[in-house]
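> Below, the features straight out of Swiss-Prot:
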- Gln88, Gly106, Glu107, Gly108, Lys109, Thr110, Asp506: ATP binding site (BINDING)
- Cys839, Cys841, Cys850, His851: Zn(2+) binding site (BINDING)
Amino acid sequence: MFLNTLKAVFGTKNDREVKKYFKRVVQINALEGKYQNLSDDELKAEFEKFKEQILSGEKNENDILNDVFAIVRETGKRTLNMRHFDVQLIGGMVLHDGKIAEMKTGEGKTLVATLPVVLNAMSGKGVHVVTVNDYLAKRDAEQMSAIYNFLGFSVGVVLSSQNSDIEHKQAYDCDITYGTNNEFGFDYLRDNMKFSKAEKVQREHNFVIVDEVDSILIDEARTPLIISGPTNRTLDGYIKANEVAKQMQKGEAVLPPEKPEGDFVVDEKNRSVLITEAGIAKAEKLFGVENLYSLENAILAHQLDQALKAHNLFEKDVHYVLRNKEVIIVDEFTGRLSEGRRFSEGLHQALEAKENVKIQEESQTLADITFQNYFRMYNKLAGMTGTAQTEATEFSQIYSLDVISIPTNIPIKRQDKDDLIYKTQNEKFKAVIEEIKKANAKGQPVLVGTASIERSEVFHNMLAKEKIPHHVLNAKNHEQEALIIQDAGKKGAVTIATNMAGRGVDIKIDDEIRALGGLYIIGTERHESRRIDNQLRGRAGRQGDPGISRFYLSLEDNLLRIFGGDRIKSIMDRLGIEEGESIESRIVTRAVENAQKKVESLHFESRKHLLEYDDVANEQRKTIYRYRNELLDENYDIRAKISQNIAEYSANVMNDYMLDESGSNVNFENLKAKILYECSTQISEKDFENLSVIEMQDKLSQILENSYNEKMSRLEIKELRNIERILYLQVLDNVWREHLYQMDILKTGIGLRGYNQKDPLVEYKKESYNLFLELVNRIKFDSIKLLFSVQFNQQEAQNLENKANEENEKLLQSSVEMGASEDNLGEAEFKKVPRNAPCPCGSGKKFKECHGKSGPKQGILA
């Protein structure tokens, strides 16, 4: 109450921020007459003066913001016949300040972006504008290029349909580059697999504006971009696990100390499955194993867990669809098909086994990054969306981004009605159809939002039965998305859309529709996130248009059933609600919103938790990529690095074969064998007589230096340096890929440390640090071994870079272009685990000290 009183007197923090920006709007408006009276050439000349001041360092962007915004506004009037509204100027300033501008649907975010884009492109460092799909990237770039070109800026677009690096490089070399989040991220990963700086396509990460920022930085936050290559892992375990899962009986969850009946219970809140004691016994019998949870059966137990999830938590046409005998993910937030992406940890293979289609091979990660860590690389990050305030805490904590709600140019006239809640889904379905019929009879357009393909098909069939013409927009036909959405505001139109399919395309209405009450939005169930519901509501009432929105719910909807149904059901029972009747109450609507807040909180904690783990890997990634970039620099002294590595290798190998600390006893037989095997160099025991430990290390280093120089003496210095650089890069890349694999194994088993009263995150940081130290040493020592062992003639030396690029290209062509995350280990994978990797069983020991003890010995070279 006291807080509300303070807000009434002083206004909210958002109100105060907006007032500050309005003061500057007045100053910009005062300049309008000045620039309006200039000719085109004079206006361009004025702009060039400001640009020179930025490039010379005489002034910074904030110093010239008022003039530049006024010039951009005038340019918009001349080239597009569009004038930036005052509230759009505020949006532009918010973006320039590296914040999120929350602007309602139809408020012209595309035009708003031109203001900070132009201002920040003046430095010549490049500006990126990110959208959610190719259509929007191309459309926005083409529409706004008139402003940019008038002011002397080049505009490029990065599209997934472009096959060549040349096209991408040309786009990135432009002053302003539009594209999708996926393409920007993948180009970054691919750039860090190149063998020369000239082949890279991206420039520095200067300033980025992310359109639909909530979709990309929140909804997609758990979806890493992965470039992966094929691996040879057995898939039989998924088939066996699927057969066993089909024979297991589902039981009902009970509170301890009672024991659940059945073979397993499903926890829908946490999206998990728990196998009961009876279920374990049955599974062991069906698999023909004594102990399902013994270390040798750990992979099989995991595959059974995924099979049970596939059958009980993932529905066809809700979470995935079958197309051309392939399992394709349905994006839970947009309803679009996520072609090329695969569920992680073997779940996708479990779904393929469930649907009896070909089980695709698991893959090995070559490079990966999350959107969270990719976009945090930019010097300045900003975003636009119609819905951000509900996630303001997450934007602040994860990305250090403040959210500013921008007032609408014309007040919103849309009526947001309270929810109608029914006891059963069938009652709700019938009520929705009746409401559609009423609106359709008078010609009022209706947009029906559904949460899944399955639900959209239900309404499609019911409307077809009633002979009501309509369009269905879901993952199965998203190719026609923009056209269907554009027509959704026409008289008599009925459009069924899965979630927020068609986002980014405005639904425009004419005067006749305005007289009928505008577009009618009907939500058929609440989403887990209030933000997604707000996006659906926001399709109506653009730029002061009238409109109506209402949600129709039932106690059988997933959200209410799992998180809030009991309380609402008791309210309905007390009120004596009969079958077919609904309840409309602010109390019930608040109860629904509280259920949504619970889910949002769970998801936020989940994303935050995942980021804590990913930050560990991200620091390592940045270190490796930074070092890789140093190697690509022609001025980098690779020969000095090799000499340093030879010295470290010599010290390391000499220590390995010392029988005591004095150095008087050295196992020279094994030392000679190792040096001959790894460095193709013969050494004599006499060379080391009467030397101290340090002197012996130096002597070995000197011998290897001489041997290496002699080996490479027939090559020209320039060629030699290039060979050294490429071979070093190849070693770094190979070791890094194996390290990513080891990190995946570590992450898979680290959760079990919690049972030993240890914090899994702390343990993960410690273990991953140790793995990284091993990686650094392996890069040093493996590069030495490769440089000593490689044999080639002059022609081969000249073609080395081309060959390396060809091999890289093959890897990229066979890679998975998008992934939910790296898949888990296949059955019998213990045989393939590197000896120094953490054991997959989760014991915390290295594989060679755990399940790898019985593996092959390494002989005298160990």
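Glycine is treated like the rest: Cβ placed from N, Cα and C.
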> For the binding-site residues listed here (Gly106, Gly108), tell me which residue's CB has the most neighbouring CB atoms inside 10 Å.
Gly106
> Glu107, Asp506: which of these binding-site residues has the highest Cβ count within 10 Å of its own Cβ?
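Result for the most crowded candidate: Glu107.
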> May I have the list of same-chain residues other than Gln88, Gly106, Glu107, Gly108, Lys109, Thr110, Asp506 whose Cβ is within 8 Å of the Cβ centroid of the recorded ATP site, in sequence order?
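Surrounding the site, in chain order, are Met103, Thr105, Leu111, Val112.
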> Using a 10 Å radius around each Cβ and all protein chains in view, which of these binding-site residues has the most neighbours: Gln88, Thr110?
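The most densely surrounded of these binding-site residues is Gln88.
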> Between the two most separated Cα atoms in Gln88, Gly106, Glu107, Gly108, Lys109, Thr110, Asp506, the residues recorded as binding ATP, what distance in Å do you get?
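Overall maximum Cα spacing for these binding residues reaches 17 Å.
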> Would you mind pulling the DSSP three-state label for Asp506 (ATP binding site)?
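Where Asp506 (ATP binding site) sits, the three-state DSSP reduction gives coil.
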> Please work out the number of neighbouring Cβ atoms within 10 Å of the Cβ of Lys109 (ATP binding site), leaving out its own Cβ.
23
